[in-house]
Every structure is written in C-alpha cells, then in structure tokens.
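Notes follow once the structure below has been shown.
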Amino acid sequence: MEREANGTADIIDGKAVAAGVIERVKGARNQLEAETGVRPGLAVVLVGEDPASRVYVRNKSLKAEECGFHSEQHSLSVETSETDLLALIQRLNADPAVHGILVQLPLPKHIDEKKVLLSVSPEKDVDGFHPINVGRLSAGARDEALMPCTPAGSIILMKHALGPNLSGLDAVVIGRSNIVGKPVVQLLLQENCTVTVAHRWTRDLPAICRRADILVAAVGQAQMVKGDWVKPGSCVIDVGINRIAAPEKGEGKTRIVGDVDFDGAVKVAGAITPVPGGVGPMTIALLMANTVTAAARLLGRPELAPIIV
Ligand SMILES: NC(=O)C1=CN([C@@H]2O[C@H](COP(=O)(O)OP(=O)(O)OC[C@H]3O[C@@H](n4cnc5c(N)ncnc54)[C@H](OP(=O)(O)O)[C@@H]3O)[C@@H](O)[C@H]2O)C=CC1
Ligand SMILES: Nc1nc(=O)c2c([nH]1)NC[C@@H]1CN(c3ccc(C(=O)N[C@@H](CCC(=O)O)C(=O)O)cc3)C=[N+]21
C-alpha cells in the first residue's frame, strides 16, 4: 500500500468483475441442474410504485432469467396490507420451486420492515437480512450464512484491486446501516483489517478518512467524500447511488453519482470504483450467486454452491 499518488487511480471495472461472477454462477447452476434436475428459483417481491425500485427489481428478474433460473416477480400495490405481504412470503417459503426470496426495500410506512424480514425463511434469505444470517455473519459461520450482496460485492472489488490478502490494512467505513455499513464492517474484520466505523456523530471525518488504506463510502450523500479526504494510493469503494440534477444533459435531466467526489478522488486514490459501473452490478451478481448457494443447500448438495468471496 505504499503507492504514490500519480495523478490517476486505477478505475475498478465493477461491470467486468460482475460478469466474471455471473459466469461462475452459470457453471454452478448447470452442475446443480445436471445432478439434481432442479433449477434454482428466485422470487422478487416489490410493494408500491417507486420508479427506482421498479428498475432495480426488473434488472434482478432479467439477470435471473439470463442465469437460467426460475424467476418470479410479485408486484403488489402500495396499499397491500402487512398481513397479505406476510401471507405471500409464507407461500414462497413453502414453495419448492423457490430457493431465494428478496423483498425490495424500502417498504411503505404502514408495513413493519423488521417483521417482514423476520418472516423470510433464513435458508431462502438471499439478501442476508434475516437476524439469523446477520448472527451467522458476525459469528463467522460462513458455511451456513447467506452473505449480504452489496457488502460481499464490495469485498470482491477490494481484492480485485489490492490482491487477496487484506490483513493489517486500515479500513474506514462511512455509514452503519444494517444493510450496508455494519455487514461491510463484519466482512472487513474477517479479512483481518483494522476497522473504523464513521457515522453522523463522528468528529473530524476528513482526518479519519485520510488514514484509510481502504475507504468505503455508504452514506447516501452525493459526492460528500472529497479528494483531500483520500489517502494517496488508497482503495476507494463508493457504494452510494444518488440521483442529482444534470442540466448539462438538458432541462430536467438527472444523473447518478456516488457518495464520493469522483473527479477529486480519482487524482489521489490508487484504485476507485465508479458510479455507475462499480458496486451496483456486483450487488446483482452476488444475488444470483446467493440464489444458487441457497438452492444447493436446500437440495442437500452444499458442495455445489459457487465459491465467490
Ligand atoms: N450499490 C448498491 O448496490 C447499493 C447502494 N446503496 C446506496 O448506498 C448508500 C447508503 O445506503 P444505506 O446504508 O442503505 O443508507 P442509510 O441511509 O440507511 O445509512 C446511511 C449511513 O450514513 C450515515 N451518514 C449519513 N450522513 C452522514 C454524514 N453527513 N456524515 C457521516 N455519516 C453520515 C448515517 O449515520 P447515522 O447512522 O448516524 O444516521 C448512516 O449510518 C445510499 O446511497 C444507497 O442508495 C444501498 C444499497 C445497495
Ligand atoms: N431487499 C433489497 N435488497 C437490495 O439489494 C436493495 C434493496 N432492497 N433496495 C435498494 C438497494 C439498492 N440496490 C441496488 C442494486 C443494484 C444497483 C445497480 O445495478 N446499479 C447500477 C446501475 C445504476 C443505474 O443506472 O440506475 C450501477 O451502479 O452501475 C444499484 C442499487 C439494491 N438494493
């Protein structure tokens, strides 16, 4: 990690790394079907009309079809009651054609998110959000856990840039959400990094970030992390997905940016993920990998799970 800043970081191609993951997933899927006669099945549940969620859910279903899975999409109206949603999840839990269940977040306000996540069978919880899988991850029980997709994808991208051994590196994670920040912290600890977690209450965030050999931004604030927060030569993983106005593209147009000021950080970092084309495609690829893993375990053939992370 003693790289000097040379003016431009390596740009980590998340799309290309994700395509490699998908190839391995297809291989594992083919072997599983050859040996058991069963295709992995993924059910994606969307409640409401949020346009961004609709796009993501569609992308997940399309990728599942490309992988040759049985793929179901359940789109429920925004008025759907919690009881009806829980009943659908119970049906999917019991359906032998479905090995993975994903309930797109956020849910409408009248539905208790915790209750819903708890109702998904832990063995079908391809998001890794069920408390049982959260516990397995923090206890280091990888063989039984399903790993959350965005955090696992982030670790793969780091290893792509830095090599497989992250031991002893200083990692700083900005954000402590249950779906990104906290599980990233768990995975970095398992990689023997020294981990600092920053959040809204953190004092002098720029100074803390400047110590990081690995900086993970999962904040939800467009372009918050500036170039002079970045340690020269370090690896920057930008998880953020933020839509901002793009008047240069025309009136009313928007574009997607990360939580990192890319143009500033790319001049200082050693390697950096772009947005789009960084962590996002990895999230979907890991979801496909988790679906095959869940299917292999449910079919009593855990050795046929694809090895990804
Ligand atoms: N690429 C992908 O596949 C995915 C991308 N995302 C994106 O990642 C980002 C983070 O998502 P998520 O974790 O769900 O977001 P949350 O809003 O749940 O969490 C944001 C975290 O950032 C912290 N935070 C917010 N503002 C600041 C600040 N000014 N200074 C320091 N810390 C701050 C919050 O701190 P506190 O806890 O103190 O409130 C919180 O811990 C979003 O842009 C989201 O769209 C999310 C999932 C997948
Ligand atoms: N239960 C649940 N699981 C999730 O994993 C989950 C969720 N709910 N709610 C919302 C967040 C967000 N998320 C993304 C997935 C893919 C891209 C993605 O493919 N991004 C591409 C394209 C971006 C674009 O152009 O829109 C990219 O970054 O290149 C982004 C974000 C998953 N999430």
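From the backbone N, Cα and C atoms, a Cβ is placed for every residue, glycine too.
Annotations in TrEMBL come from automatic prediction, not curation.
Sequence annotations record features per position, and here TrEMBL assigns NADP(+) binding site to Gly175, Arg176, Ser177, Ile241. Taking a C-beta cut-off of under 8 angstroms and a sequence separation of 6 or more, Gly175 (NADP(+) binding site) has the following same-chain neighbours: Gly181, Ala198, His199, Val216, Ala217, Ala218, Val219, Gly220, Val239.
Annotated domain 'Tetrahydrofolate dehydrogenase/cyclohydrolase catalytic' per TrEMBL: 12-127, in sequence order.
Summarising the annotation, TrEMBL assigns domain 'Tetrahydrofolate dehydrogenase/cyclohydrolase NAD(P)-binding' to 148-297. Residues belonging to the domain 'Tetrahydrofolate dehydrogenase/cyclohydrolase NAD(P)-binding' (148-297) score a mean pLDDT of 98 in the model.
The full span of the recorded NADP(+) binding residues, Gly175, Arg176, Ser177, Ile241, taken as their largest Cα to Cα distance, is 16 Å. In this structure, the binding-site residues that sit close to ligand 2, with a C-beta under 6 angstroms from any of its atoms, are Ile241, chosen from Gly175, Ser177, Ile241. For Ser177 (NADP(+) binding site), the same-chain residues 6+ apart in sequence whose C-beta sits under 8 angstroms from its C-beta are Ala218.
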